[in-house]
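K.L.:
Pasting a structure below so you can have a look.
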Amino acid sequence: MTAIVPVLWGSTYVVTRQWLPADMPLTGAAIRSLPAGLLLLAFTRQLPKGQWWWRSTVLSFITMALFFVLVYTSGARLPSGVAATLMASGPLVMVVLGRLLLKEKAPVMAYVGAVVGILGVALLAGSAIATLDVIGVVAALVAVLISSLGYVLAKKWKPPVSSLTFTAWQLTIAGVMLTPTALLVEGPPPALDLPAILGFAYLGLICTGLAYVLWFRGLAGLPARTVGILGLLNPLAGTILGALVAGELLSPVQALGAATILLGVGLGLLTTPKRRLRR
């Protein structure tokens, strides 16, 4: 089930680029997080206790509040497939952080899978890198660094509640951070047309609420390296959806890159027991 999440996240770029306002990343991030968080919190009816107040705040800022702003910025400024592709250095970052912070001993095939996958990412991005928006590129790279750190910290700290409750905390805190900031910096949200309303609903309920419940559930039961390598499906999904929805057609080299990414994912997962992969 965890493998579904990067595919959902890969779709956020085409949705953001095609249907959402491009110049309001704070507002977009607030709309994505607060409604979904309050909905989940109303269902779980459980608040953090003790040290989990500050831990939840730190993780929420890293993996959601700041991350959503950066992803929204990259998705609005870059082609869908390229935005997702730049996020794909995550596997190697999570392998390294898993070793440093969690003392996980990654087998050789985990590194091989990560390197092969990143090679596929380079092919997928192609020659377009030289002409890309600099702010969009920086936003994507910073997003992958901070999110990888946040996910490894979440695994290290081991939340004492279900993934549903933990996701409710994270989204609600992120929304509380983002909403006043968005109003101060960007002003009241603009009137939204139907595609934008549907786009925000999809991002909030499916790509955020559902996706993070599955993601944190996977983090609890899978090695950090495995979760990171599954993240290679993000650029693959983003590129394919960009081609199908936005007409961003794949070149032969990019198609080879997509196949190489799948090979990297397969190699990286060879060392993970099948029982764990079902999570």
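From the backbone N, Cα and C atoms, a Cβ is placed for every residue, glycine too.
Sequence annotations record features per position, and here TrEMBL assigns domain 'EamA' to 4-124, 135-267. Look at TrEMBL and you will find 52-72, 78-101, 108-129, 135-154, 166-185, 197-215, 227-247, 253-272 tagged as transmembrane segment.
Just tell me what is around each of these and how deep it sits.
P.N.:
Same-chain residues lying 6+ beyond the ends of the transmembrane segment (135-154) with a Cβ under 8 Å from its Cβ atoms: 58-59, 62-63, 66-67, 70-71, 73-74, 76-78, 83, 86-90, 93-94, 97-98, 101-102, 129, 166, 215-216, 219, 224, 227-228.
Using a Cβ-Cβ cut-off under 8 Å and counting only residues 6 or more beyond its ends in the same chain, the transmembrane segment (197-215) has close neighbours at 1-2, 4-5, 8-9, 11-12, 15-16, 18-20, 28, 31-33, 35-37, 39-40, 64, 151, 163-164, 167, 170-171, 227.
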K.L.:
Which residue counts does DSSP give the domain 'EamA' (4-124) for helix, strand and coil?
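P.N.:
Split into helix, strand and coil, the domain 'EamA' (4-124) gives 102 helix, 0 strand, 19 coil.
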K.L.:
With DSSP, how much of the domain 'EamA' (135-267) is helix, how much strand and how much coil, in residues?
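P.N.:
Output for the domain 'EamA' (135-267) reads 112 helix, 0 strand, 21 coil.
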